[in-house]
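Colleague: Here it is, the structure, as structure tokens.
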Amino acid sequence: MAILIYALACAFGLGSWLAINGLWVELPIIVTTLPEGWELPSYLTVIIQLANLGPLLVTLMHKLCPGRLKESVVIYTILCIGVLACFLLAFFLGRDNCGGWGPAQRSLLHHYFLPGTSGLHLLSHLPALHDAAACPLHHHTEGGDTYVLQTQYLPPNFTTEVFFFFLAVMMCISLAAFWKLNRLPRTFEVSTENLVPDSVSSVCSGLDNPAVRTNSQKHLCEVTSQARPLLTKSGHSMFQLTFIYLMVVWVNGTTNGLLPSVQTYSCMPYGNLAYHLSAALASVANPVACIVAMFFPKRSLVFLGLLCVMGTGFASYNMAMAAMSPCPLLQKSALGEAIIVLSWVFFTGSLSYVKVMVGVILRDESHSALVWCGAAAQIGSLIGSVIMFPLINMYNLFQSGDTCSTKCPL
């Protein structure tokens, strides 16, 4: 039963960011055809942040109308919208832009936090099956001796229509997994809910009938009294929690807002192959980091802080190359392409590990700490995307260029 639940939790979790991650990995092909061009990622980051209105509305419903909102119905609705969005993208990508949604992970059981997180990004690397588009130069003659230089991209092995149909099927699998999870017997809730000690303590207090207390109840009271300090004791000081939350804001702001907005400017000058590999391999680094966190958890705040600094260093290099677009360092060289690809992979992998481990730490702290972790993550993502949007689309601090015909000084 445990293996089945783990598998279903992973299958359900992959639907959370599958459509969005798939859209990001497909950007090397999409940006060459849509009118937004290199600015498209900055639009997507802002559009994705609008999805935060959903959790906000759910929170307001819980506060204003407690007990009336069924989260399972909400998640069913969101998953169905995700399936529909993928189908619409397959048919209307050239005419309409839309962002995907992902189901809230609150319904995942406390005990299956890590497998759900791993499944959340499990299949985000599948778009790497696309072959990178080449960049041949096409010459044709007009009026005798006049040559016109045009950039043409070779089509990938799979069209965007096939790709988004595949994403729709994956979303259907996530929907089926959630349906199955809702119908499994929940015999494991007693061991995962924090409400159990409170209910046991009411039995121990003997409020209903103080004169009647069996030996088993007395033994249960003794066990509960010994376990209670372990459940209520906080393992981190206020300074440490502040550091953790600031790290959550920074890591999510960087990975979900600042850097994704400029990935095209950072990678495209090195060619479509470098952009394709950066997007695909960075998506692979995400689930790999989650799996590493499952088997090699490291809760040391010093280690996580150093890892965060290292990831920030890679992020700084990526941002610097984007600022130098369309003529970054080591352009048109194999070394430059390799460095930018590895920089994006290590940036994503290191900070993904930090995000997972910080979530595990705050999960063990308390349920409210984990809720505030989610709030801090969304705040950081929102700040990052809001900062980058005007810099790219209004102030034009990042310049696009033609990957084949742009001439840069030596």
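Every residue gets a Cβ built from N, Cα and C, even glycine.
Sequence annotations record features per position, and here Swiss-Prot assigns transmembrane segment to 3-23, 40-60, 73-93, 158-178, 239-259, 277-297, 301-321, 334-354, 369-389 based on sequence analysis. The N-linked glycosylation site annotation in Swiss-Prot covers Asn157 and is backed by sequence analysis.
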Colleague: Which bits of the chain, at least 6 residues beyond where the transmembrane segment (369-389) starts or stops, bring a Cβ under 8 A of a Cβ in it?
Modeller: 42-43, 45-46, 48-49, 52, 55, 241, 245, 248-254, 256-258, 261-262, 355, 358-359, 362-363
Colleague: Spell out yes or no: are there three or more C-beta pairs under 8 angstroms between the transmembrane segment (239-259) and the transmembrane segment (334-354), with each pair 6 or more apart in sequence?
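Modeller: Contact confirmed: at least 3 Cβ pairs fall under 8 Å.
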Colleague: Spell out yes or no: are there three or more C-beta pairs under 8 angstroms between the transmembrane segment (158-178) and the transmembrane segment (40-60), with each pair 6 or more apart in sequence?
Modeller: no
Colleague: Counting Cβ pairs under 8 Å that sit 6 or more residues apart, are there three or more between the transmembrane segment (73-93) and the transmembrane segment (334-354)?
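Modeller: With fewer than 3 qualifying Cβ pairs, these stretches do not touch.
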Colleague: Let me spell it out: take the transmembrane segment (301-321), skip the flanking residues so only those 6+ beyond its ends count, and list any with a Cβ under 8 Å from a Cβ in it.
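Modeller: Tertiary neighbours of the transmembrane segment (301-321) are 240, 243-244, 247, 250-251, 254, 258-259, 262-263, 265-266, 269, 328-329, 339-340, 343-344, 346-347, 350-351, 353-354, 357-358.
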